[in-house]
């Protein structure tokens, strides 16, 4: 086989951080001059997360080729240089759809279609297709869910078969949780033992056990896990809870020397690992002595910490080159004291979303920021809120609205894109990377320092082309358009400290090592506003 595979499973509890672990391993392996590809196998029966409630699943991360994916792919992107595509994710829904389509087309020649071999063979095809497309040295495969879940069984069986076919080219990492009982002052290994027993009963013996824990594991505890789980003691690694930032994870794993173990096991020769640049970025990110800047997030799904995961991370990325310490203030658009909360912030970000709830609150936030000269950044639906607010209060069209919120509005300044009125919702939006031509002399141009960029999209509605001329006549600047049809991509509010809206999702391209330029300029504007307020108060 031309590539090696690392399979990552999780046990004991969910939310162990397998996605962060996989992303961190990718970074460490790339620092060994190896090409890495990544694949997430998700057991849920949805075809993709595109129609799932953000309160249940968190954000939907979009790839360049327009695939709606799990938020873990966002972690893969932010930590490493892996190329992500439709080959980087597969769900049970996709697998079963493919199998049933083949059955309807007669490809199984009348055989009784079963989980084994038909479903498991399709999963193996997915693994092979990812490797064939990305051509990596090492493929990291994260299996979603927890050992013991019935939904995961076909994926684990496929992994077992794949390992049997390629025993020298595969390695299994099992991630578990090792609880600490404060009352007894003891670390308990029994849950890990049972989880490994479950995995071995399926036919997969882990090569590595990675233990999440609140407290460091002693040599004695590692020896006990080694004995009862049938792995060498030096193959038991510890990932203690991170206190400052998720970006410490690669440093923690490097300290455990896990990448050297993996490389030796897979037949590679480890090289000295230099993470000094990453260490510097983490230290800068966690430096609380820098100037404090408060950013208000006026969003619909703030109760779920992962609903705007990429937005949160992009803001923190930008705080490093902006040299400030960021405080993110969640503000519910329905709050009675919305404007009071905004008045205490140095900047406002209005992220994307769908549906009528919270819409008017976002428009109120946009108006307040425009009139009070507070830096404001609108993304996707947030940009549409900026445009509708401008039409209502500057163009004097009080009934202006988006057709998503009111299909009968007399002034539909935001309308549905042509061909988007499909009854089928899954995967039918304008998705993926599209070009955007930047207007010279604009805030966007100052940020990007180029006249053509590629950004990722996920939307059905656009600024109504028939209103653009009137909006521009009243001062709104169209700072970016898609050359493929002249769709409005970026708007800016003139004579303002910094107010900009984008139809795309710049957060999907941001990394700690390469923050997105629009986020950097937004945070710099908020920092300047914070300094201005502080100087005014000291007079």
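Placement of Cβ uses the backbone N, Cα and C atoms for every residue, glycine included.
If you check Swiss-Prot, you get these features:
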- 380: active site, nucleophile (ACT_SITE)
- 505: active site (ACT_SITE)
- 507: active site (ACT_SITE)
- 14, 188, 189, 190, 191, 192, 193, 224: UTP binding site (BINDING)
- 14, 149, 150, 151, 188, 189, 190, 191, 192, 193, 224: CTP binding site (BINDING)
- 55, 353, 381, 382, 383, 384, 404, 460: L-glutamine binding site (BINDING)
- 72, 142: Mg(2+) binding site (BINDING)
- 294-532: domain 'Glutamine amidotransferase type-1' (DOMAIN)
- 1-268: region 'Amidoligase domain' (REGION)
**Item:** For residue 188 (UTP binding site), the three-state class that DSSP assigns
**Value:** coil
**Prompt:** Looking at the binding-site residues 150, 383, which sits with the largest number of other Cβ atoms within 10 Å of its Cβ?
**Reply:** 383
**Item:** Inter-residue Cα distance where the pair is residue 507 (active site) and residue 380 (active site, nucleophile), in Å
**Value:** 11
**Request:** Can you tell which of 72, 142, 404, 507 has the least company, meaning the fewest other C-beta atoms within 10 angstroms of its C-beta, among these recorded positions?
**Result:** 404
**Prompt:** 14, 189, 193, 384: which of these binding-site residues has the highest Cβ count within 10 Å of its own Cβ?
**Reply:** 384
**Item:** Chain-internal residues, separated by at least six, CB under 8 A from residue 188 (UTP binding site)
**Value:** 178, 179, 180, 181
**Asked** Out of 191, 353, 382, which of the binding-site residues is least crowded by other Cβ atoms within 10 Å?
**Response** 191
**Item:** Per-region confidence, the domain 'Glutamine amidotransferase type-1' (294-532) (mean pLDDT, whole number)
**Value:** 93
**Prompt:** Cα distance, residue 72 (Mg(2+) binding site) to residue 404 (L-glutamine binding site), nearest Å?
**Reply:** 29
**Complete:** Among 72, 142, 353, 505, 507, i.e. the recorded positions, the one with its Cα nearest that of residue 189 (UTP binding site) is 142
